[in-house]
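> Swiss-Prot lists these features:
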type	residues	note
MOTIF	42-52	motif ''HIGH' region'
MOTIF	627-631	motif ''KMSKS' region'
BINDING	LYS630	ATP binding site
Amino acid sequence: MHEQYTPRDIEAAAQKFWDEQQSFAVTEQPGKDTYYCLSMFPYPSGKLHMGHVRNYTIGDVIARYQRMLGKNVLQPMGWDAFGMPAENAAMKNNVAPAKWTYENIDYMKTQLKSLGLAIDWAREVTTCKPDYYRWEQWLFTRLFEKGIIYRKNGTVNWDPADQTVLANEQVIDGRGWRSGALIEKREIPMYYFRITDYADELLESLDELPGWPEQVKTMQRNWIGKSRGMEVQFPYDQASIGHEGTLKVFTTRPDTLMGATYVAVAAEHPLATQAAQGNPALQAFIDECKSGSVAEADMATQEKKGMATSLLVEHPLTGEKLPVWVANYVLMHYGDGAVMAVPAHDERDFEFAHKYNLPVKAVVRTSAGDEVGSEWQAAYGEHGQLINSAEFDGLDFAGAFDAIEAALIRKELGKSRTQFRLRDWGISRQRYWGCPIPIIHCPSCGDVPVPEDQLPVTLPENVVPDGAGSPLARMPEFYECSCPKCGAAAKRETDTMDTFVESSWYFARYASPNYDKGLVDPKAANHWLPVDQYIGGIEHAILHLLYARFFHKLMRDEGLVTSNEPFKNLLTQGMVVAETYYRVASNGGKDWFNPADVEIERDAKAKIIGARLKTDGLPVEIGGTEKMSKSKNNGVDPQSMIEAYGADTCRLFMMFASPPDMSLEWSDSGVEGASRFLRRVWRLAQAHVSQGLPGKLDVAALDDAQKVIRRAIHAAIKQASTDVGQFHKFNTAIAQVMTVMNVLEKAPQATEQDRALLQEGLEAVTLLLAPITPHISHALWQHLGHAGSVIDAAWPSVDEQALVQDSITLVVQVNGKLRGQVEMPAAASREEVEAAARSNENVLRFIDGLTIRKVIVVPGKLVNIVAN
């Protein structure tokens, strides 16, 4: 065994061994417990960042631990390879997105391998390869024929300069992020998934996921947004509108119907269009609304604006005439593009009514009283007893809901209805680097799905996009085709799918990645699914995790899988954060400096009190800790860390510095500490092995001092097993190993028994560290005399006998202050413990002359004598 710990050699040797032995290749083994551990696959951006390293290290530790429990563990990896960044990089570097993507995958795969991850690389999937996305297209055609996918016009952000659709986040202050052109709202035909058909099931089956964080389930519940409310119809005032009809609104507060003082409609509403005829000012306002953001979040925060029309509708219960306004806060796609406004009990309506001097009528008695003041109070939105509501006065919310519904039903002007906030999922993207939508547009047959024997519709890979619209739409060789039904000249769809589609089913493809008769081999899929442990960032709580759950149900309904949910347990790992440093630039912006380029000064408590740039020695501002990012220039390159310290040190630091679901603060001194600890383990093992391996430990012959050491070893195994197995608290499990190391380093090595005990201790340390630092554990296990590999070793088991104590030490307090200690047999009775405490020499000094009122005994811990 080499005297020095040399991570580079040790890690290369372990990785070579795993490769040659195909240690992580996995097959279905009926009868053996399976465990499917999956970390969210990365986008091949070019190189790994610390967030990736943390995510994959956590997954790997769990996978390796489960393998040590004797399970058949699947841990695959792949690449979420379609998407905008490849197009942007392609334009910047004048290179085809395919070339850029495949080169990035090659480099990042090497990086992942250097971390020593226990991945079955034979199952690798790459979503931009035709053998992957052909099955996505196959499923699309099935769902299109079933009507679960349909085509309709959707409102999008249109960049007139680039002739392309922009995502909400690509619109900055109303302009295109690349062209700077003013963005228009435009209606274009798009494909949609009917995810709303599954809204109830997606909501209800969240209750079948006890292994998910409550926070994520709450976010999904809110996103689906089920609300019971009422559909209310306001009859048109024929004198002003000119024809019969009703304005339909949806409200979750029908109890406030008697307080409605106006109605507001979206800019796209037919009444808005009618009112704008011959009213240029209103038409200009409608155009302004239409060019605004289509994002709901922006709608909520933007200034509420409106314009009156000359139109009126009638209150369904009182017949009172209410004015129709056009307002920018009403969404055409929520409810029916119109709202009844109750300014006394809705904050948005209140702001609007005050701005435009519209009447406010209180109809609910709240904790703020019966009146509504000139400033909004949260209490105005409360449920309460009805007032100023004619025959409904005195009813509470539930009573009013039922009574008002009955009144509306009698007049055929309303009924209760369940509404969802969730919208159908629009998946059409006017982009090049995505999965082609397998539809052919025929002048006589309409939209025809591409037949199965013509799949995949392959994306041409030698294209360099220029940013102006979709390149596919300018490639006749791609879109010119004949109709599969009638044979006439037809046009292929040139839109590609939202890249969230690929990541909605990849977890199932890993079960049979090379299966060529379908999307999955149902036998293999049902053997492995659902995923036992899924690991990824909280930022995917809604979209990705909701779409994956939806897709799993689609696959179930196609007979491909039998389970209802894709991921049994979910761990959302915290961010990796680091210090930030900057100087204010001449233009008022900030120039950020990487922590590696900054010399820092700390106070006695290790708090940073000053910082200077190494190059010029001048001060820089301290910006506090933030998520590692390019924009703040506070990232640490994992590759440089692995090269400097080895993968095991990086893994140990990552797992020790914080629990997996909390933020991890990067610290160079913490990495140093992890490296020092592994060197200590190596040094102790090397000194031990160099003396020759000892014989078997004779547990029955241990003296008291040896029993204490063995108790420490087994107490650590017990605690670490609980921490890792039940709570994923790897940081506290590592702390247990460190405690044992402190004991072992001080342990005597004089006799054969001493050395046999040290052997047991070092084996326990090696096994407890094996999932976390697999390379050093691989080497130590061999040097400690084992023929097999540590990856095939079992997790250490606790010898409960070792934990039994013959005697225990209790502290003795007088009136809560420590005054002595007594050593007692572990089986001593309460009376014996109390007698020993009272007769302790030091304790006697403090109770002399006092009356003992009571004696509190906490078994195994302490005795407190209360005296005065």
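Note that Cβ sites are derived from N, Cα and C of the backbone, with glycine treated the same way.
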> Counting every protein chain present, what is the number of Cβ atoms, excluding its own, within 10 Å of the Cβ of the residue listed as 'ATP binding site'?
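Other Cβ atoms within 10 Å of the residue listed as 'ATP binding site': 9.
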> How do the residues of the motif ''HIGH' region' (42-52) split into helix, strand and coil according to DSSP?
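Computed counts for the motif ''HIGH' region' (42-52) are 3 helix, 0 strand, 8 coil.
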> Please compute the mean pLDDT of the model over the motif ''HIGH' region' (42-52).
92
> How would DSSP class LYS630 (ATP binding site) in three states?
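LYS630 (ATP binding site) sits in coil per DSSP, no helix or strand.
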